[in-house]
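Q: First, the structure itself, so that you have it in front of you.
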Amino acid sequence: MSEQTTTPAGVDESAASSTPMVLAEHVSKSFGSNEVLKDISLEVRRGEVLCLVGPSGSGKSTFLRCINHLEQVSSGRLSVDGTPVGYREVGDKLYEMHPKDAAKQRRDIGMVFQRFNLFPHMTALENVMEAPTQVKRVSKAKAKARALELLARVGLAERADYYPAHLSGGQQQRVAIARALAMDPKLMLFDEPTSALDPELVGEVLDVMKELAKTGMTMIVVTHEMGFAREVADTLVFMDGGVVVETGDPREVLANPQHARTQAFLSKVL
Amino acid sequence: MNDASSGRATTPAPAGGPGAAPVPTKVVRLRHPWRIVVAVLLLAVVAVFIIDAAQREAFDWPNVGKYVFDQRVSQAAGFTLLLTVLSMIIGVVLGVILAVMRQSPNPVLKSIAWVWLWVFRGTPVYVQLVFWGLLSTIYTSIDLGVPFMEPWVSYPTTALLNTFWLAVIGLALNESAYMAEIVRAGLLSVDPGQSEAATALGMSWGKSMRRVVLPQAMRVIIPPTGNEVISMLKTTSLVTAVPFTLELYTRTRDISAAIFTPIPLLIVASIWYLAITSVLMVGQYFLEKRYARGVGARPDTGPGPVTGAMSAVDAEIAETAIAAKHGGDAR
Ligand SMILES: Nc1ncnc2c1ncn2[C@@H]1O[C@H](COP(=O)(O)OP(=O)(O)O)[C@@H](O)[C@H]1O
Ligand SMILES: [Mg+2]
């Protein structure tokens, strides 16, 4: 899958490449009185790999979930590929989308979860085929060929007929990545993809993600794997208490954190 | 990736240190002598009971033999089975719809489902069946048209719904309320991460229900539903309230009234109820096997790790739904 960048039909190529893939402007999110995200502004360029780090409860998952509209932002503006997430822009007004249209928007955004969330009643192959056949109405034969190709890419061709319960954690997560890729997303969100894995299984998942980054996929990765961030990420964002504390080149931030909170956090995880 | 070795049965550790010739170890299983004693005793009691029963006049075995394959009886058994199957099918379909409505984000759908449950679970099924029997008295005709205006078409109720269909409707609507709770327990037992993953893949709420959540909920739904089917089989004996009189219990009672001996026909009815139950239980076995996909042993090796979706908590939810039903009310 070298030609992964799928441009939406009708969008001018040059204009498309200049708009950032993800643009967050003053995004806030509250659950009741609990303000989880506070005035987040952030830009992710096309093909960029952004690593999001920060202590537990700092709002990283919530931010990812807002990007594909699993949560609704409370205020501010969040757009993916130039389109506001979950809203339709007409003139200077934003109209809330019908759930069907929001679902359509999510097709272009792949998400990988900490707990894999594979469908346990389907084999690895069926997991990968599910969304293309059910959501995009791709023919069974086509979806199968593509799914096998993706499973081979994550090194699991010979496990296609296994149910998730019969795969190791690392294998399950690789299937989950293949499942997300089957929808040909233009953006991949990873929420602590290796945090639920035994240490010896982390490498195989990170390897798949590195390969993916090399193909030019735009990725936002919430992780505690600083080695991965240093090696693969273009940008490192440190979040704490719902605010972006520090942003920069991962090698610089990791070697020379500017902010006291970043220093405190890094001293714990490094 | 050498996961093939995980989850294997443990083998007894070889005795002796490294290098020493392996000493053959004989494993002596724990014996359970009391089990055998109790079983023998029970068998003896059963044997005595059977020998005694075979000789007892009151059981009237010749009449049991005569009526068990009587055409009226087997036909009645057919009606009972038909009532059970039809009302269960309708009850399950409505139950799934109601349960999904209760989980839906739409407050209108939620309220409709709630009121439905409140009415059909809150009144005895016998009372409901009597009401359905009185339907043609309450509503003498069924009209199509604008309310309070001359109807376009009008049918007499008795021409549209005979007592059989009234019985089916009565049983099915009552059942739907109980099935709704069983299905809801099943839906709640599925990890929320599942519908989240489905949503993230771009599936609509309905599609993720149908393709991802419901199939997994089935494992929790089927056992109590098997209970419901068997319970329904026996509840059909109440449709005499409609009155529909061609089912097994009423039919055998009518025959026994004519020949003045109640006991042999009770035995005949019991034999048929048991026979039908047995057939239904076989059906349940195969359904459970079908929905156990993805759980249990790995195809190519020995027993693998079982990471089923159903935890003890889920089982408890399902149990509570049943307990709530069977506790108290006289169904
Ligand atoms: N659905 C929710 N309802 C209420 N509070 C939530 C919800 N989701 C997350 N939170 C709260 O938001 C805060 C940030 O959570 P999260 O985004 O998961 O942090 P992180 O992923 O960085 O550990 C936490 O305090 C959490 O309790
Ligand atoms: Mg998180």
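Glycine residues also receive a Cβ, built from the backbone N, Cα and C atoms like all the rest.
Automatic, uncurated: that is what TrEMBL annotation is.
Given the structure is predicted, the values throughout are model-derived calculations rather than measurements.
The compositional bias 'Low complexity' annotation in TrEMBL covers B:9-20. Taken from TrEMBL, the feature domain 'ABC transmembrane type-1' applies to B:77-284. According to TrEMBL, the region 'Disordered' annotation covers B:1-20. Per TrEMBL, transmembrane segment is recorded for B:36-55, B:75-101, B:113-135, B:155-174, B:263-287.
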Q: Report yes or no: does the transmembrane segment (B:155-174) come within contact of the transmembrane segment (B:36-55), defined as 3 or more CB pairs under 8 Å with a sequence separation of 6 or more?
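A: They are not in contact.
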Q: Could you check whether the transmembrane segment (B:113-135) and the transmembrane segment (B:75-101) come into contact, where contact means at least 3 Cβ pairs under 8 Å with the two residues of each pair 6 or more apart in sequence?
A: yes
Q: Short question: which residues 6 or more past the ends of the transmembrane segment (B:263-287) have a Cβ under 8 Å from it?
A: 58-61, 63-64, 67-68, 70, 73-74, 77, 80-81, 84, 222-223, 226, 229-230, 233-234, 248-249, 252-253, 255-256
